[in-house]
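In what follows, a single structure is set out as structure tokens and then discussed.
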Amino acid sequence: MGKNVVVLGTQWGDEGKGKIVDLLTEHAAAVVRYQGGHNAGHTLVINGEKTVLHLIPSGILREGVQCLIGNGVVVAPDALMREITKLEEKGVPVRERLRISPAAPLILSYHVALDQAREKARGEAKIGTTGRGIGPAYEDKVARRGLRVGDLFHRERFAAKLGELLDYHNFQLVNYYKEPAIDFQQTLDECMAYAEQLKPMMLDVTAELHNLRRAGKDIMFEGAQGSLLDIDHGTYPYVTSSNTTAGGISTGSGVGPMYLDYILGITKAYTTRVGSGPFPTELFDETGATLAKRGHEFGSTTGRARRCGWFDAVILRRAIDVNSISGICLTKLDVLDGLETINICVGYKNENGAVIDAPSDADSYIGLEPVYEEMPGWSESTLGAKTLEELPAAARAYIKRIEELTGAPIDIISTGPDRNETIVLRHPFA
């Protein structure tokens, strides 16, 4: 009997999901993306060679693994084709292994224009989107007016819908945002060119997943972004436009929760965030700069510098509850090497002095101060360790304390960027 394993982020994204998905796909017949778009950036390092994936599931670098893009993913055809071409230039066979749901919404040029125009108009109050058109594409989906991958293969129907959409969106772009209109014919011609390339890769992904399940195959579900960026459970409004938590798996793939066997929460050994929004443990001192430098904390999609701070057990407890986490994978432990002391946030103190748990929206974070528990650091290197016994005693104590504070077991520890720099204590597919 096969197992269905989920890999998702428990913080604000950038937790190191790509490496872990790549590591675990050794046991998987298929990997499926179920939400987000090319705003994701999953970095894989294999034998020292770095590859960044945005839309294509991280299993593509494992020979023979089927890669599926589910209905919950918003697909930018131009970005997808660029990614396919780059991988093919490296000798990776993509088209015979990649399949895309016809129900996946399309991101087109007017979505990108709207996204960027809105951020520009917000000025200092900007949310910090990637400007890739993700939000506007999900808006069209929910408003039941969006174009989907399957529409690409019906030219007349596509053209009629596109004309209506451009009338609607160009009115906003020109009259409200004072930006140029998007050209209908150019957009149509581009989309029809992409249609010819995408048609062989279209497949009913939901049906395929259930066929694999019934055949007893192991399947991996690859999340994008992090739990605290979830449209419903994140630090709203500083969130993404999809459900990054476990609930998004079923809606974005068509595989019900009863069939999910193990949910692995990828968790960085410290905390980072890109863009605007609350971040209680953020560091503005030399330690924060050290974490950013050692951890190479720059967004793989946008190149923006990530904000860095101490580990926050409060937000992790919330993520564990919301996602029904089975086990934690602790990443970037080696970045903490050499720090004399390490702080863990165990609660938030409000203006009345009461210690509380994580709020549900961004405004409620105003005025909260982190309550820290100080732990000794370690001088020894953890880089490349492959067994728990190789880690310094202080590092093992740090890991144990995180388990105690969160109530979840740490099943995997990442000690470096390469797939073999990993300690596996309990395998999700076992």
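Any Cβ shown, glycine's included, is placed from N, Cα and C.
Annotation comment: Swiss-Prot describes Asp14 as active site, proton acceptor, evidence class sequence analysis. Reduced to three states, the DSSP call for Asp14 (active site, proton acceptor) is coil.
The Cβ neighbour count for His42 (active site, proton donor), using a 10 Å radius over every protein chain in view, is 26. Secondary structure at His42 (active site, proton donor), taken from DSSP and collapsed to helix, strand or coil, is strand. Residues or ranges marked as active site, proton donor in Swiss-Prot (evidence: sequence analysis): His42.
Sequence-distant neighbours of Gly13 (GTP binding site) (same chain, 6+ apart, CB under 8 A from its CB) are Ala224, Gln225, Gly226, Leu229, Thr244, Arg273, Val274. The GTP binding site feature in Swiss-Prot is assigned to 13-19, 41-43, Arg306, 332-334, 414-416; the stated evidence is sequence analysis.
What Swiss-Prot records for Asp14, Glu15, Gly16, Lys17, Asn39, Ala40, Gly41, His42, Thr130, Arg144, Gln225, Thr240, Arg304 is IMP binding site. A sphere of 10 angstroms centred on the C-beta of Thr130 (IMP binding site) encloses 23 other C-beta atoms.
Annotation comment: Swiss-Prot describes Asp14, Gly41 as Mg(2+) binding site. The local packing around Asp14 (active site, proton acceptor), expressed as other Cβ atoms within 10 Å of its Cβ over all shown chains, amounts to 28.
What Swiss-Prot lists as substrate binding site is Ser300, Thr301, Thr302, Gly303, Arg304, Ala305, Arg306, and the listing cites sequence analysis. The number of other Cβ atoms within 10 Å of the Cβ belonging to Gly303 (substrate binding site), over all protein chains shown, comes to 8. According to DSSP, Gly303 (substrate binding site) is assigned to coil rather than to any helix or strand.
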Can you tell me how many other Cβ atoms are located within 10 Å of the Cβ belonging to Thr415 (GTP binding site)? 24
Recorded positions near Thr43 (GTP binding site), in sequence order, restricted to Asp14, Thr130, Arg304 and a 10 Å Cα cut-off: Asp14
Among Asp14, Lys19, Asn39, Thr130, Thr415, which are recorded as recorded positions, the nearest neighbour of Arg306 (substrate binding site) by Cα: Asp14
Of Asp14, Lys19, Ala305, Leu333, Thr415, i.e. the recorded positions, those within 10 Å of Gly41 (IMP binding site) when Cα atoms are compared: Asp14
Spatially speaking, which of the recorded positions Asn39, His42, Thr130 is closest to Lys19 (GTP binding site)? Use C-alpha to C-alpha, please. His42
Among Asp14, Glu15, Gly16, Lys17, Asn39, Ala40, Gly41, His42, Thr130, Arg144, Gln225, Thr240, Arg304, the record's IMP-binding residues, the widest C-alpha separation in angstrom comes to 34
Given the recorded positions Asn39, His42, Gly303, which one's Cα is the least distant from that of Leu333 (GTP binding site)? His42
